[in-house]
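All remarks here apply to the structure that follows.
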Amino acid sequence: MTEQAKWNFDNSYARLPQPFFARLKPNPVRSPKLVLFNEPLATALGLNGEALQQPEGVAVLAGNVIPEGGEALAQAYAGHQFGHFTMLGDGRALLIGEQITPDGNRFDIQLKGSGRTPFSRGGDGRAALGPMLREFLISEAMHALGIPTTRSLAVVTTGEEIWRETELPGAVLTRVAESHLRVGTFQYAAGRGEVNDVKTLADYAIKRHYPELAESENPYLSLLEQVITRQANLISQWQLVGFVHGVMNTDNMTISGETIDYGPCAFMDTYDPATVFSSIDTQGRYAYGNQPQIANWNLARFAETLVPLLAEDETKGVEMAQSAIEGFKGQYVSNWLAGIRKKLGLFNAEDGDKDFVEKLLRLMHEHEADYTNTFRLLTLGQPEKTAMNGAAEFSEWLEQWQQRQSRQAQTKDEAMKLMRTNNPAVIPRNHRVEEALAAAVDEEDDSLVKQLIAVLKEPYAYSEEQERYAEVPERCQHGYVTYCGT
């Protein structure tokens with residue numbers, strides 16, 4: 001008999017008021033087969049990875065069986081999608097429970113592509129293999145980069161075909177998150193006009209993510225401030241690695257501060273603040289350079305839901321919310337500048353740093369330089385290999401950089417070490433991702449996906465094996481389009 005997988009399930013979300021979710025029975029799939037499995041994550045969750053890879057374990061990962069203590073439900077939420085408010089919910093995902101780890105932490109276990117729910121809005125509730133492999137690959141790459149993110153435990157094919165303009169193999173992704181509470185969850189509660197529901201949800205969020213706030217003078221204001229702080233940190237980290245989320249709707253902003261929803265995301269090759277990849281972002285609302293402002297806007301929508309809880313007087317509540325939101329920009333800029341200094345081997349701050357960095361970025365834009373490789377080449381001491389080489393302004397900037405480093409107490413070797421730990425040698429290059437996914441979906445060969453996952457686990461290794469994955473595409477990124485996969 002296969003050893004138990006060691007699920008240690010609860011579902012605290014199911015104890016919230018009924019409007020926040022819909023209880024469902026799983027939609028079993030015909031012939032589940034394990035394609036990808038994240039053994040280190042399973043171990044961290046206190047699970048028996050070997051048992052999970054056996055047929056009984058795969059049945060859970062496919063949604064055919066719910067472990068004891070679990071309770072399948074689809075979460076309700078709302079959201080501003082490209083600025084337009086609408087009621088939403090999990091249209092193709094089920095929260096089957098919360099795994100309590102050996103050290104007492106709690107993580108959502110969600111099955112994505114698990115079938116229809118009351119929130120499917122006419123969709124089939126299923127997912128195609130390609131987008132599920134893509135989320136596994138990129139979410140785990142983000143984790144390796146040190147960026148807060150939901151994780152991927154497994155991808156299972158269903159043995160069933162789904163229709164997305166053509167027939168495609170169906171799949172289920174097991175997503176792991178600190179929680180799936182979203183700004184949109186609060187908008188859903190507020191949109192129903194039930195202040196008590198908003199309070200219940202806020203109390204739950206505090207208990208789940210910020211228990212230290214329960215005793216603060218105004219716990220709901222503290223909650224708002226903490227979410228702002230986490231998001232300012234998260235967005236700065238996106239910008240530092242050239243990550244373009246692609247669909248920054250309010251339902252895709254988490255209360256935990258994790259990156260969520262990897263549908264149309266991609267990493268920028270050539271540096272350009274106007275970079276957009278998503279097929280549906282025709283106006284560039286969620287372009288790379290707009291992400292901080294959009295995050296600020298989303299957080300303002302979160303603040304609006306909390307106003308009745310901040311103070312008895314509405315005017316006072318609005319003032320408190322506005323004051324908190326105004327703090328986002330300063331926190332974001334501070335985080336981003338601190339991060340960009342590390343990318344340049346700078347240990348201390350100086351007054352002219354922002355102008356100094358912006359000059360480099362302007363030159364990168366003008367010369368169509370690759371974002372990741374520019375910092376990689378500076379780290380390797382090879383500025384002559386960058387796209388700006390030979391430009392007089394770049395020579396001036398290099399001289400300023402050398403002078404800037406010479407004014408700090410740390411040695412050049414220490415500066416280079418700092419750069420190596422903050423400038424990835426490899427990112428999920430769009431052409432490499434597409435190459436791997438095409439092989440997996442069209443040829444049923446998952447070897448390239450597994451190779452890419454292995455390389456991306458060590459983004460700061462600077463190894464010879466990574467050279468192929470650091471190469472820029474032969475054709476520039478203009479015209480590269482991503483799709484949400486729904």
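Glycine too: its Cβ is placed from the backbone N, Cα and C atoms.
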Statement: Checking Swiss-Prot, the member of D10, D261, D269, D272 that binds ATP with G89, G91, R92, K112, D124, G125, R175, R182 is D261
Task: Return the single residue from the binding-site residues list (D124, D261) that has the minimum number of other CB atoms within 10 Å.
output: D124
Message: Say we define neighbours as other CB atoms within 10 Å of the CB. Which of the binding-site residues R92, R175 has the fewest?
response: R92
For N252 (Mg(2+) binding site), the number of other Cβ atoms found within 10 Å of its own Cβ: 21
- request: Indicate whether D261 (ATP binding site) is helix, strand or coil by DSSP.
  value: coil
Message: For the C-alpha pair, I'd like the distance in angstrom between D251 (active site, proton acceptor) and G89 (ATP binding site), rounded off.
response: 9
